[in-house]
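Copied over from TrEMBL:
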- 159: active site, proton acceptor (ACT_SITE)
- 167, 170, 221, 224: Zn(2+) binding site (BINDING)
- 1-26: compositional bias 'Low complexity' (COMPBIAS)
- 40-315: domain 'Deacetylase sirtuin-type' (DOMAIN)
- 1-40: region 'Disordered' (REGION)
Ligand SMILES: [Zn+2]
């Protein structure tokens with residue numbers, strides 16, 4: 001079983017070049033390092049059961065990323081199927097009025113995609129796990145609030161939410177829907193023109209691609225006229241200190257961590273995985289493809305989040 005299969009058609013010289021390929025472990029202490037990308041087979045039912053046993057009897061905190069929302073029609077920046085795309089930075093947004101105009105024009109058109117998205121099986125399974133008393137808290141890198149809409153209660157929106165905007169001068173918050181109504185009012189001609197174009201690409205932060213936004217009118221804070229920014233943590237921006245502290249506290253209070261649907265490419269998520277790992281807590285990483293946190297995982301599950309999370313939910317649910 002450990003012998004690599006050698007095709008009979010191979011010339012004899014190939015025998016010496018035969019890679020010493022160990023059978024791919026499905027549940028492992030990772031040996032991943034940059035440059036070595038293991039081909040992980042799809043997690044089996046037995047793999048999922050083994051992960052459930054690691055979590056059994058422990059208070060579980062879950063960290064989620066874009067991968068849990070892809071089934072809701074919200075594309076993933078970094079998943080295996082994600083198109084390469086440069087994310088917007090905080091510096092761009094603050095420094096360039098033209099960039100902001102372009103941003104808000106795209107955002108206004110793409111917004112209905114976000115508000116139209118519904119929670120999927122991943123969100124529902126996690127909400128059920130909280131009701132079962134298995135999951136004690138959820139930390140999400142997503143800004144779509146689908147966990148809350150699915151019924152999860154103890155949720156930290158690590159990177160903020162798309163449903164509010166913040167004034168960069170006075171700090172006041174405004175509902176995104178309220179700002180949307182204001183923007184639509186002063187941009188009726190623009191929106192009518194865009195509607196004719198049809199077909200719009202959506203990105204995770206509700207961007208939609210529009211070529212021409214020159215005639216779009218941007219609005220400032222109703223109170224002080226300051227620049228309004230989505231209440232979202234952008235690349236180049238730090239997660240607010242108190243939110244970081246709350247997420248640490250949540251992980252410290254738990255007995256295990258699941259990271260689901262995230263490549264852990266950003267520090268704000270990765271450091272939670274490291275923290276749980278350092279404390280000797282089981283870390284289950286559930287993602288299609290390699291993550292930056294694989295070396296800290298007790299179990300790596302290559303699987304779709306909906307199937308795997310529902311499996312874990314059923315395996316860990318208290319007996320009726
Ligand atoms: Zn203001």
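Positions of Cβ are set from backbone N, Cα and C atoms, glycine also.
Locations of recorded TrEMBL features on the structure.
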| residue | record | DSSP (3 states) |
| --- | --- | --- |
| 159 | active site, proton acceptor | coil |
| 167 | Zn(2+) binding site | strand |
| 221 | Zn(2+) binding site | coil |
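Taking the binding-site residues 167, 224 in turn and counting surrounding C-beta atoms within 10 angstroms, the largest count is reached at 167. Across the structure, residue 170 (Zn(2+) binding site) and the residue listed as 'active site, proton acceptor' place their CA atoms 20 angstrom apart.
In sequence order, 167, 169, 170, 172, 174, 227, 228 constitute the residues six or more apart from residue 221 (Zn(2+) binding site) in its chain with CB-CB distances below 8 Å.
A C-beta separation below 8 Å, combined with a sequence spacing of at least six in one chain, links the residue listed as 'active site, proton acceptor' to 140, 141, 142, 143, 232, 233, 239, 268. Proximity of the recorded positions 159, 167, 221 to ligand 1, judged by a Cβ distance under 6 angstroms to any of its atoms, singles out 167, 221 in sequence order. Of all Cβ atoms in the shown protein chains, 11 besides its own fall within 10 Å of the Cβ of residue 170 (Zn(2+) binding site). Apart from the site residues 167, 170, 221, 224, the chain places the Cβ of 168, 169, 171, 172, 220, 222, 223, 225, 226, 228 no farther than 8 Å from the centroid of the site's Cβ atoms, the recorded Zn(2+) location.
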